Amino acid sequence: MRLLIPSLIFLEALGLCLAKATTVQWCAVSNSEEEKCLRWQNEMRKVGGPPLSCVKKSSTRQCIQAIVTNRADAMTLDGGTMFDAGKPPYKLRPVAAEVYGTKEQPRTHYYAVAVVKNSSNFHLNQLQGLRSCHTGIGRSAGWKIPIGTLRPYLNWNGPPASLEEAVSKFFSKSCVPGAQKDRFPNLCSSCAGTGANKCASSPEEPYSGYAGALRCLRDNAGDVAFTRGSTVFEELPNKAERDQYKLLCPDNTWKPVTEYKECHLAQVPSHAVVSRSTNDKEEAIWELLRQSQEKFGKKQASGFQLFASPSGQKDLLFKESAIGFVRVPQKVDVGLYLTFSYTTSIQNLNKKQQDVIASKARVTWCAVGSEEKRKCDQWNRASRGRVTCISFPTTEDCIVAIMKGDADAMSLDGGYIYTAGKCGLVPVLAENQKSSKSNGLDCVNRPVEGYLAVAAVRREDAGFTWSSLRGKKSCHTAVDRTAGWNIPMGLLANQTRSCKFNEFFSQSCAPGADPKSNLCALCIGDEKGENKCAPNSKERYQGYTGALRCLAEKAGNVAFLKDSTVLQNTDGKNTEEWARNLKLKDFELLCLDDTRKPVTEAKNCHLAIAPNHAVVSRTDKVEVLQQVLLDQQVQFGRNGQRCPGEFCLFQSKTKNLLFNDNTECLAKIPGKTTSEKYLGKEYVIATERLKQCSSSPLLEACAFLTQ
């Protein structure tokens, strides 16, 4: 989501309409906050704005409880408190984020980074014994985030042992303004203040704050500075000076200071207005905030200022540094809003050492639907717990789980790799199929070739070609998948100049579409007739094999899938009842030149070459995940030591569960560390064009989170 500057008022269609006169109950935690709230209420009444009432409680915790029980509706929380408020039993969610910065450069978060001199030859996992510079004790960018990140390397078993003592022993010298210099003198030994001001958490200590931590590094009082990414630019406007520094990345690489959005310890979120996750008053809350910032925001002539507090007071109701609000997309809950890196850093400070180490070594796989979960549970048992499992109904749910750290990995097709990449995930290993150009010994290091996306038809169903598909019935693997949706529908959209896919075909089965639409009319659900059009294996026409089944059972006239699907399910290769008598010769392919060809001639008759499926994860998990999966496939891969005797990664009872069944191995993908590099420029451009045809709540959420 982009900030619409200069107004900073996001006038959505709903916001332009007259909102219902629903009273928003704002929760205040002090007499001063209540006084400001009552004045806000009075000023809104004067200008005919949305109704507001004020509720006073004695603590933030009591306000949270009041919101849960409908005795209040909204309040503003910082990240740490929001972390607790988002969990059961409260389950509050962010409705609007405070915006900081300027109209020209607004921001809803900042990046906590580790800065070193360009001549440094150490990585983030090699800081022990070096000198450190911090913004201050207990502060996010200078303490909580870096120390939480370094938690696995500290000789600290967790509470109640002193964290400060462990840090003082980890670094040789430090400046941590605000630390107890009598108890932990090493934490103050690098500070530059004099007398009582040495190590003070105030401007009197030259090395205090964001700029101070960087100054500590520049003065050679430390080897690494933990500060804010933008601080380097604020303090070093000269490019030649900036180029003398670089960043330490969580994956133990270096990047230029200009790339702090890609190389940071955590993204620290701004304060946010929270409410109940039931969404009963979200529209009213946003309309109140929208009109309030328009009438009483920064630089308004009104005597009442929304982002100001009386003399002697600070940050009443909202941060005084805020310049406005931005609406938080519905898909963004507290876990997504706070980001994995932020929440993990905070959580690590409350964990035992062995738990932190165990969580970093463990891989949690995300399974889509019950059948994938069953196979994953078998993998869990065979791996002796090295791989654990979690399950969600849809692929997008799994992508969100990986973003939040509830899961670590899954294998995706190109369409979902595109989505995952927009959400900050990266490809780790690619599914590699057999190649006629080489033997299986080089599979792990062999470049992936991609697969052929085709339009399959029954040979007997003659009389139509690619250009005469309009009005036919279609079978798709699922919405947003490569061979089954992105490629064919992208081609059709370009040809017809229309996004009305539900009108192009008379009926379809496109799992993941609106169940009430024509795009789901051919779907059959599970054996009980339930879960119709579900984007998982409960829909029997879902996936490559499901799309072929839809065609074979004469529900559809054309199936969009990959060429190998037909080869793997005909002439006795699939013994399921629906496929038992299928013959390869009974199917043909539609070519873009309006001819038909046998399936065996797919190289000369396909819609596009599609990128192979790939395993995706967060950047912090790449190294561990690659090690674990390469070890697992030695044991359970094709011709593995314990396959087929115990478990096989690339075999499925009902086809293509977790991985494609025709996968020979999971292969390394050097040099393709982002989804865009892996997918290729042409595929990305084509997918972006197709995405213009529809809205995606997940892509909207990820655009907001990565802006």
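Residue numbers in this text run from 1 along the chain shown.
Note that Cβ sites are derived from N, Cα and C of the backbone, with glycine treated the same way.
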Per Swiss-Prot, ASP413, TYR451, TYR544 bind Fe(3+) 2; matching candidate in HIS264, HIS271, HIS613: HIS613
As recorded in Swiss-Prot, which of CYS63, CYS133, CYS693, CYS702 forms the disulphide with CYS423: CYS702
Disulphide pairing with CYS520 per Swiss-Prot - partner from CYS509, CYS533: CYS533
Second cysteine of the disulfide that Swiss-Prot assigns to CYS216, among CYS133, CYS188, CYS249, CYS263: CYS133
Given Swiss-Prot lists TYR110, TYR210, HIS271 for Fe(3+) 1, the same-site residue among ASP73, ASP78, ASP182: ASP78
Proximal residue to ASN494 (N-linked glycosylation site) among binding-site residues TYR110, THR135, ALA141, TYR210, HIS271 (C-alpha distance): TYR110
Those disulfide-bonded residues listed as CYS509, CYS523, CYS643, and which of them has the most Cβ atoms within 10 Å of its own Cβ: CYS509
CYS133, CYS191, CYS423, CYS591, CYS702 as disulfide-bonded residues, winner by CB count within 10 A: CYS133
Intrachain C-beta neighbours of ALA141 (hydrogencarbonate 1 binding site), sequence separation six or more, cut-off 8 angstroms: TYR110, ALA112, VAL113, THR135, TYR210, PHE226, THR227, ARG228, VAL268
Intrachain C-beta neighbours of CYS648 (disulfide bond), sequence separation six or more, cut-off 8 angstroms: PHE636, GLY637, ARG638, GLY640
DSSP-derived class (H/G/I helix, E/B strand, else coil) of TYR210 (Fe(3+) 1 binding site): helix
Rounded Cα-Cα span from CYS693 (disulfide bond) to ASN118 (N-linked glycosylation site), Å: 46
By Cα-Cα distance, the member of binding-site residues ASP78, GLY142, HIS271 nearest CYS591 (disulfide bond): HIS271
